[in-house]
Amino acid sequence: MWRVKPPVTFPKEVKYRPILENLIPPDPMARFHLKRGFPQEEFPDLCRNFTWMGRILTLDLYRRQFNRCTQSGVIFDDVIRPGLEEPGDYLGPVAVGCVAGDAESYILFCDFFDRVIEAYHEQKITSQTPESDLNYDNLKGGDDLDRSYAVRCEVSVVRGIEDFCFPTHCSRGERRRLLTLARQALQQLEQELAGRLLLLTDLSQEQQSELNLKAPTSFQLRIGVARDWPDARAVWVSENRSLLVWVNIDEHLRLVSMREDANVAEAFQCICISLQKLEKYYRGLRHPFIWKQQLGWVTSSPANVGTGLRISVLIKLQHLPTHKHLKDVLKRLRINMDKTDSPELYNISNMATFGFTEVALTQLVVDGVKLLTIMEKRLEGNLSIDELVPAQK
């Protein structure tokens, strides 16, 4: 007669089982005792929300994210809070409406973030690693913009530091450690490019304005970016004023190069050289910049994933802003045109940061500014610009 054999027991397994079970990482959500209802009860009202978050988020998608939590305590309601605080305008530009609290957010909430990134940047996320090109010699032009129209330019790039939460979620201690790291890295940079680190607590409002630093907006205060302002915020300034490095202002790091002669090539070269040096220094400090396999460089905002690069040129335009083809021209050139305080000055910048290399993005803006300048000149002479409108890509 067959009998069921009793399960085999191993003495060591019985002895060490409690120890092994304690080593299993607990569910981060189990640490919280949030008094929340069911997902359908907590789902936000998105009827008049014009952000990408508002357009993409559904109850089913919200339900899938509802009980997730990163190791540092970021839940999905933290992610979508910016879009609820600033729902956007029907006629205005569409903002992402969300923010990552830490690098893990892009992984844990990937089914949401990936859709937002694809919609905002108009690029598909694939299994391929995004390409990077910081060889400024590959840029064609940029130092030959028509100064009668191009007033000045600015090139900036943002980076997140590994092992630290992003500004909306980091603690005071994390922010102060980030400042300490920045001081150590920038001291190494000073050996090749003279400069000094200035704490915001030591700067007057006039000095901050000279460095193009603005007081935090009410929106930044509401979503937590400007908590404890100006504690542990600083700006590094090179002696020749060719480079600024913002520390803990809106991201962990932001490198800015401004040129009053609108020489985009020089500004881009300054950013490329300085960025690669700082990347090396931070890696030596065992806190490299945050890189994700399918997204590239990531920071708190999905609007900056990929390269984190922004190129903007201030140009004078009188006739083109009211032309019927302007909207199509900007869309096909993949650039933005924003109004400024001056009625004749407009800020031209890249639309996306993902899906292109750094050189390619800069080239888009340079070529776009040149084409807009040619169109403006033709309109000044009462000539048609129909043949100059780029084809749909």
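For all residues, glycine too, the Cβ spot is worked out from N, Cα and C.
Lifted from TrEMBL, the feature list:
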- 152-156, Arg254, 310-314, 338-343: ATP binding site (BINDING)
- 35-122: domain 'Phosphagen kinase N-terminal' (DOMAIN)
- 149-379: domain 'Phosphagen kinase C-terminal' (DOMAIN)
- 182-254: domain 'Importin N-terminal' (DOMAIN)
Identify, among the binding-site residues Arg152, Lys339, the residue whose Cβ has the fewest other Cβ atoms within 10 Å in this structure.
Lys339
So what's the mean pLDDT when you look at the domain 'Phosphagen kinase N-terminal' (35-122)?
94
Just to be sure I understand, if DSSP states are collapsed into helix, strand and coil, how many residues of the domain 'Phosphagen kinase N-terminal' (35-122) fall in each?
42 helix, 2 strand, 44 coil
Could you tally the C-beta atoms, other than its own, that fall within 10 angstroms of the C-beta of Val313 (ATP binding site)?
27
Residues near Ser342 (ATP binding site) in space but at least six apart in sequence (CB under 8 A):
none
Within the domain 'Importin N-terminal' (182-254), residues counted as helix, strand or coil by DSSP:
23 helix, 16 strand, 34 coil
Using a Cβ cut-off under 8 Å and a sequence separation of 6 or more, which residues in the same chain sit near Arg310 (ATP binding site)?
Glu154, Val155, Ser156, Val157, Asn304, Ser349, Asn350, Thr353
For Val155 (ATP binding site), just count the other CB atoms lying within 10 A of its CB, please.
28
